[in-house]
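Data first, discussion second: the structure below is written as structure tokens.
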Amino acid sequence: MLRLLVFTSLVLYGHSTQDFPETNARVVGGTAVSKNSWPSQISLQYKSGSSWYHTCGGTLIKQKWVMTAAHCVDSQMTFRVVLGDHNLSQNDGTEQYISVQKIVVHPSWNSNNVAAGYDIAVLRLAQSATLNSYVQLGVLPQSGTILANNTPCYITGWGRTKTNGQLAQTLQQAYLPSVDYATCSSSSYWGSTVKTTMVCAGGDGVRAGCQGDSGGPLHCLVNGQYAVHGVTSFVSSLGCNVSKKPTVFTRVSAYISWINNAIASN
């Protein structure tokens, strides 16, 4: 159930079956963060039996709304979000547990065609989050903002710490500078798999997203402020941390109008 798209569908786009996107991301090559370093980060969890399990990340964008990846909520399951969490396996005393009341997936999302984009969803919570030093709203970029190449960014999440490894118990972060579209869409990188509605970051072969990071934020520093410019979407099927295969994110600035309309109409 851990999600981070592995691009299994890339063969449909002229790629060999040995290198395709995978949608189950976690932070590889990262470090544990101190508590409340990224207070807009949430853990999206699904219920199985009487227990809850982490499946994806997400960002609190309104007191009753969370932004995540569409592929995280494809299945018909019962979800909740955990805000203010740090260690998934213990009670930090700062958590807020809120049920997901409604899931709004982008209408153009197609789980059989990840390369088309639209890997974004917003979740309406059953009650409003209480904002404090551990739970804050994420800052979204202005509509249409394009990151300059090598913009400082951090991915955060509880995803696997290495390809085929275990989930992290404490929240991790990894420095992933942005890779501009011209570079990321070149033949030696992702080629035509990457679209202008996506953001690439990393690709050094050391640090990356991995299974369990999906849906979580890419925090980028622009004009002195960190904003959530990406929603973690997919990595290469060859592994999470493959050189010249940056982690790929949904570009939040391409969907600001959709986000606002989805919230207003739901």
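Backbone N, Cα and C define each Cβ position, glycine as well.
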Based on the annotations in Swiss-Prot, which residue of N149, N241 is described as N-linked glycosylation site?
N241
I want to verify the bond table. Which candidate from C72, C200, C210, C220 sits on the other end of the disulfide that Swiss-Prot records for C153?
C220
Given the recorded positions N87, Q90, S214, N241, which one is most crowded in terms of C-beta atoms within 10 angstroms?
S214
Neighbours of D85, N87, Q90, E95 excl. site residues, C-beta within 8 Å of centre, Ca(2+):
V82, H86, L88, S89, N91, D92, T94
C-alpha of H71 (active site, charge relay system) to C-alpha of D119 (active site, charge relay system): distance in Å?
6
At the level of the C-alpha atoms, what whole-angstrom distance separates C240 (disulfide bond) and E95 (Ca(2+) binding site)?
29
Express the distance between the Cα positions of C72 (disulfide bond) and Q90 (Ca(2+) binding site) as a whole number of Å.
24
